[in-house]
Every structure is written in C-alpha cells, then in structure tokens.
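Copied from TrEMBL, the annotated features are:
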type	residues	note
SIGNAL	1-23	signal peptide
DISULFID	C30-C178	disulfide bond
DISULFID	C52-C56	disulfide bond
Amino acid sequence: MFHGSGLFAVLLMVLEWTRPGLSSPLRPICDLRVLDHFIKEAWDAEAAMRACKDACSIATNFTVPLTRVDFDVWEAMNIEEKAQEVQSGLHVLNEAIGSLQASNQSYVLQSHVDASISNIASIRQVLRSVSIPEYVPPASGGEDEETQKVSSISELFQVHSNFLRGKVRHLLASAPVCKQGVS
C-alpha cells in the first residue's frame, strides 16, 4: 500500500511557499506534522511486518542505527554532530531497507519497502532544506559504533519508526532555522 508521502511533503512545501507574505520558504518544513506523516507510515509498516510473520520473513541480519537518545549527551552536541548522527542513521536504514528490494518478497512487504525508501529520501530533503548537512561517510571504513544488528524485518521497521520518532524529530526541532522567530 504505497502512499505518496514524498508528494505529500513536496505539496506542503509548495503550498506554503506560494502563500503571500512569507519571507522564507523554510517555515513549512519546520512543521513537525510533516515528519509525523513519515512516522505514521513507518509505524504502519512496522505493524504490517509484525502481522505478516512467515510471508515477510528473511534469514539475514540487518545493521541498523541505535535509536536510544541520551538527552544530556544529545543536548551537549552541536548541530553538526547531531546532523552527522542522524544522517548516518538514515544512511544505514536506507541500506538495510534497500537490501530488501531485490529479495522478491510479498506485495505487502515490497510496498512498505518502496514507501520507506521514498520517505527516507523525502526526510533527507526536509533536513537539507533546513540547512542540516548531508551525510558524509567516515574516512575509516570500519563498523560504526552507533549501530546494532537486528534479525527480523519487523525489528528493522521498528528501528526505522523509533529512529524517526527520536533522533530525527529532535534534530528537526533543534535546527537553527526552525528556531528563528520563536521567542
């Protein structure tokens, strides 16, 4: 059940940009309701994978980002460090979910995989529009300490949902351009 979520985000941006009297096109992207749409779709995919069981199983481990947020550490990080952690996590999620595209799975799984890949691209666009630096791979090719392994598709989509609700939401809420004009 593919949703036009990327289209949804772009439509919101265009509608807000064309509204008279706005000095900046960035304001609608700061609206966390756009992210909430992606979070809901990730949660729907997670719920579908829990219900799917055998038809959506695959015998492999997935590398995923850690979703836990230590708020004391998070608040002490600068925006570039937060951005690198979130962009790196989105990259890892994209790789893990993308690995399912060639696995010849059920229609239900394939539709959620396609929607999730599209949503991650849209989320990257939202972050880029609020001046969050893009993902830069580390110089060392080693294993990232900010990752973990999961062994099921439902766990993969659970991590996806939790990552969006946690680190991505906190990064977008703390983006400097989103705080402008807030007193």
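Placed from the backbone N, Cα and C atoms, the Cβ positions cover glycine too.
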Alpha-carbon distance [C30 (disulfide bond); C56 (disulfide bond)] in Å: 35
Pairwise Cα distance for C52 (disulfide bond)/C178 (disulfide bond) [Å, integer]: 39
Other C-beta atoms that fall within 10 angstroms of the C-beta of C178 (disulfide bond): 19
Residues satisfying Cβ distance under 8 Å from C30 (disulfide bond), sequence separation of at least 6: V130, L172, A175, V177, C178
Fewest other C-beta atoms within 10 angstroms, as judged across C52, C56, which are the disulfide-bonded residues: C52
